[in-house]
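Inspection log for the structure reproduced underneath, given as structure tokens.
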Amino acid sequence: MEQLKQKIRNEGIVLSDRVLKVDAFLNHQIDPVLMQQIGQEFARRFRDEKITKIVTIEASGIAPAIMAGLELGVPVIFARKHQSLTLTDHLLTASVYSFTKQVESTIAISTNHLSPNDRVLVIDDFLANGKAAKGLISIIQQAGASIAGLGIVIEKSFQAGRQELEEAGFRVESLARVAALSDGQVVFVE
Ligand code: G4P
Ligand code: NA
Ligand code: NA
């Protein structure tokens with residue numbers, strides 16, 4: 001997606017050879033016009049999949065997910081990372097290990113919002129090692145729902161996430177694929 005790649009070139013900051021900072025438009029400040037275009041692009045790619053729900057994870061997945069949900073006309077569920085005062089329903093949970101933070105955490109979605117009739121599109125802001133995505137997939141499968149695929153805003157193709165998800169049989173659609181972060185420059189997959 002050319003507008004997204006341009007935005008990454010102009011406003012992304014290469015923090016190291018593994019980490020790209022995009023706080024200017026995705027992870028802290030959010031560009032609503034770009035998010036709308038991202039939602040339209042996800043909708044275009046998954047239009048024929050009979051999606052009934054979108055599932056993402058708080059916090060940074062919510063903005064692109066909600067724009068895709070608006071385009072596809074379906075509800076958006078975000079998995080919670082922390083306990084909630086009001087989320088007292090029966091929960092489906094998964095354990096997610098973060099390599100970057102080196103901590104294991106539990107993510108949760110209420111059983112009330114997913115059923116075996118649902119066909120789910122998973123959306124997230126980043127795909128690195130794919131641990132978050134696999135946690136979401138586990139929760140969706142526990143609910144008996146089917147998974148149409150994953151829509152990722154920025155994929156770090158030099159990490160294992162995409163390959164592992166594809167080997168597990170999932171369709172992965174990434175709007176920007178980063179081949180390398182070197183000498184402060186973002187190199188995209190051709
Ligand atoms: P994994 O899920 O693929 O295994 O990734 P990892 O544990 O390494 O990532 C933990 C968090 O860091 C996730 O956000 C993920 O989106 C984010 N992340 C991973 N690599 C990058 C990167 O190069 N740049 C940026 N900006 N983020 C990256 P999170 O902690 O869940 O945060 P948030 O959703 O609240 O923003
Ligand atoms: Na993130
Ligand atoms: Na995320």
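The backbone N, Cα and C atoms fix where each Cβ goes, and this holds for glycine too.
Heads up, TrEMBL stuff is auto-annotated, nobody curated it.
Source: prediction; values computed, not measured.
The xanthine binding site annotation in TrEMBL covers Leu20, Asn27, Lys156. Residues annotated as domain 'Phosphoribosyltransferase' in TrEMBL: 38-157. Summarising the annotation, TrEMBL assigns 5-phospho-alpha-D-ribose 1-diphosphate binding site to Ala128, Asn129, Gly130, Lys131, Ala132.
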In three-state DSSP terms, the structure that Lys131 (5-phospho-alpha-D-ribose 1-diphosphate binding site) belongs to: helix
Cα distance (Å, whole number) from Lys131 (5-phospho-alpha-D-ribose 1-diphosphate binding site) to Leu20 (xanthine binding site): 18
Binding-site residues: Leu20, Ala128, Ala132 - member with fewest neighbouring CB atoms within 10 Å: Leu20
Cα-Cα distance, maximum over Leu20, Asn27, Lys156, record's xanthine binders, Å: 16
For the 5-phospho-alpha-D-ribose 1-diphosphate site built from Ala128, Asn129, Gly130, Lys131, Ala132, further residues of that chain with CB within 8 A of the site's CB center: Ser98, Phe99, Leu127, Ala133, Lys134, Gln159, Gly161
Densest Cβ neighbourhood among Lys131, Lys156 (binding-site residues), 10 Å radius: Lys156
Whole-number Å value for how far Asn27 (xanthine binding site) lies from Gly130 (5-phospho-alpha-D-ribose 1-diphosphate binding site) (Cα to Cα): 18
Cβ neighbour count within 10 Å of Gly130 (5-phospho-alpha-D-ribose 1-diphosphate binding site): 23
Other CB atoms within 10 A, centred on Asn129 (5-phospho-alpha-D-ribose 1-diphosphate binding site): 17
Same-chain residues at least 6 apart in sequence whose Cβ lies under 8 Å from Asn27 (xanthine binding site): Lys21, Ser60, Asp125
Separation of alpha carbons, Lys156 (xanthine binding site) and Ala132 (5-phospho-alpha-D-ribose 1-diphosphate binding site) (Å): 14
Rounded distance in angstrom between the Cα atoms of Asn129 (5-phospho-alpha-D-ribose 1-diphosphate binding site) and Lys156 (xanthine binding site): 9
